[in-house]
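Novice: Pasting the relevant annotations from Swiss-Prot:
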- 1-29: region 'Disordered' (REGION)
- 12-24: compositional bias 'Low complexity' (COMPBIAS)
- 62-94: repeat 'HAT 1' (REPEAT)
- 99-133: repeat 'HAT 2' (REPEAT)
- 143-179: repeat 'HAT 3' (REPEAT)
- 190-223: repeat 'HAT 4' (REPEAT)
- 264-296: repeat 'HAT 5' (REPEAT)
- 305-337: repeat 'HAT 6' (REPEAT)
Amino acid sequence: MSDGTATPDPLPSSSNTSTSLRPTSRVRDESDVIGKLNDMIEEQPTDIFLYVKLLKHHVSLKQWKQVYETFDKLHDRFPLMANIWCMRLSLEFDKMEELDAAVIEPVLARCLSKELGNNDLSLWLSYITYVRKKNDIITGGEEARNIVIQAFQVVVDKCAIFEPKSIQFWNEYLHFLEHWKPVNKFEEQQRVQYIRKLYKTLLCQPMDCLESMWQRYTQWEQDVNQLTARRHIGELSAQYMNARSLYQDWLNITKGLKRNLPITLNQATESNLPKPNEYDVQQLLIWLEWIRWESDNKLELSDDLHKARMTYVYMQAAQHVCFAPEIWFNMANYQGEKNTDSTVITKYLKLGQQCIPNSAVLAFSLSEQYELNTKIPEIETTILSCIDRIHLDLAALMEDDPTNESAINQLKSKLTYVYCVYMNTMKRIQGLAASRKIFGKCRRLKKLVTPDIYLENAYIEYHISKDTKTACKVLELGLKYFATDGEYINKYLDFLIYVNEESQVKSLFESSIDKISDSHLLKMIFQKVIFFESKVGSLNSVRTLEKRFFEKFPEVNKLEEFTNKYKVLDVNYLQRLELDYMVRDVMPEAIALDRGSNNLKRTMREEEDGQAFKKFKANEDPIPPEIVELLKVLPKRQYFKVTIFEAHAFSEFLSDKVTIQ
């Protein structure tokens, strides 16, 4: 069997997206399981399940060196995924009869160090497991017991007081203390102090099983000393009641939250591991609600303790919805607000980009941080890494699912968008030459990018020099690939109208109208040119254009098109002021259709007090927003030839016949 090595092909770069460069396109023997899995990981380095499959294969063959190497790759990519560290530690615990400190302690040091700051309870429980195995109370006596108690207390301070679902830890700690058999009165006193301190800590925190713990505590105090029990219980009662109430609040806001990541290799399956580029939006919203709830500091903690609690929740969210950019963005900004060290934001954004390399949100946020610190090479590296990842995703999709036009077009749009931002960023930092260089690369991508790249570059050229010549040449280049794209032609016309290139507007219009197959976009092109001609040309030329328009679209409402021609500041005042029934978002109260005629007529009905309904005016009695939203989706009144609903008669019926008790 192959050892899984192969000559690595270069990944698709910003200048080449040939699908043949995909790592999974390498030719391998059918039996080369390891090689194939390594290729798949190289192509999709954020797919945790691929690493798990590879790990299980290495474990089955007892290839421990390869197991460690694979775990190291996982940890480098997902350093804050505590459940992956737990998988590694549980594997070590299971395969060793005697614990090897030289193997386990470096792993614990890496994952629990201040640099990473993993504060997940399941990971710290692995730490407790190791400490207890290493320090046997029977053989180690008082020294071993003190070490274990210190370890438990570290876990209390690091994460147990922040975790609402931590009953397993508290039970384990209590069980350890309760089974301590003191050999003298001093040790008995010590034991009582430790247990009381533990109860006073846990019963003040909003967490599960508080009621049962409270009963257990009150009974324990009675057993220790009936004379002092009431005093100790009374001192804790108010805090316990508050914690119980807060826990109920927490349960309500986190209803439906899923926290079931596997912590051993055998538990890990494709269904219970996060999938790259996927996350449950509903789960994300619950996490955001939990974070918002914690930000209110309902426990009235000190600033440092509140920050530690917020950090705990953020890092929990970063594990369970690790492919949601919003979590990383929010966590980075929160840490930036709470720390004087500006590099903290950069650190968390980099961790986020490792997890979601195709995220434009994280790439742009990180590049902003580098720009503020004038780190130009890092800016380019950050944005290009995002571009390369999108290139590879696009190449894979075009090869694996070439008929999925919607997904392909979405990736093309995203790729183009990131290039547009990249052009603007480098123009801002290094000037027009840098922007042109990027545009030159984009041109070589041909139809892998959308026409927006040409439009954006044209605007950049124009805004820098106010010279339309270069900008128009850029847009002409776009016609080579997008001459039949109605959306591109529309935006091209927008630019020409913006810079008042009258002759080019006419030229583009005449050369494009027979190439556009989308009738809606073609209609927009006609309307745009007619409106422009009405502003800068002659009435005869407008009439000529209108004639051609009506011949091509005989179904259009000529009055409506007439009013569109007389817009001012893009507002159709003719419809708003005189033909208001044509406007969907404003409807007068007293417009009705006469039953005996198809002609529209306004009727003014008299109220009982003789007051006529007034015509609606923008500055009088504004329509409530809810009504406006309803009116927006209703069809125009002119589509109804008879009165469907007699509002006045209905109001009279309600007034005269209905009595509200």
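Heads up, the Cβ atoms here are built off N, Cα and C, so glycines get one too.
What does the local environment look like for each feature on the list?
Specialist: The DSSP breakdown of the repeat 'HAT 1' (62-94) into helical (H, G, I), extended (E, B) and coil residues amounts to 27 helix, 0 strand, 6 coil.
Long-range contacts of the repeat 'HAT 2' (99-133) within the same chain, counting only residues at least 6 positions beyond its ends with a Cβ under 8 Å from a Cβ of the stretch, are 75, 79-80, 82-83, 85-86, 88-90, 92-93, 147-148, 151-152, 154-155, 158-160, 162-163, 166, 168-169, 172, 263, 311-312, 315-316, 319.
Note on the repeat 'HAT 3' (143-179): residues 119-121, 124-125, 127-128, 131-132, 135-137, 191, 194-195, 198, 201-202, 205-209, 213, 247, 250, 259, 308-309, 312-313 of its chain, located 6 or more positions outside it, place their CB under 8 angstroms from a CB of the stretch.
Listed by sequence, the residues of this chain that lie at least six past the ends of the repeat 'HAT 4' (190-223) yet keep a Cβ under 8 A from its Cβ atoms are 149, 156, 160-167, 170, 173-174, 177-178, 180, 182, 229, 232-233, 236, 239-240, 242-244, 246-247, 249-250, 299.
In terms of DSSP helix, strand and coil, the repeat 'HAT 5' (264-296) has 15 helix, 0 strand, 18 coil.
Mean pLDDT for the repeat 'HAT 6' (305-337) in this predicted model: 96.
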Novice: So what's near the repeat 'HAT 5' (264-296) in sequence-distant terms, Cβ-Cβ under 8 Å and 6+ beyond its ends?
Specialist: 44, 46-49, 52, 55-56, 59, 86-87, 90-91, 249-250, 253-258, 309-310, 313-314, 316-317, 320-324, 326-327, 330, 356, 358, 393
Novice: For the repeat 'HAT 3' (143-179), DSSP counts of helix, strand and coil?
Specialist: 30 helix, 0 strand, 7 coil
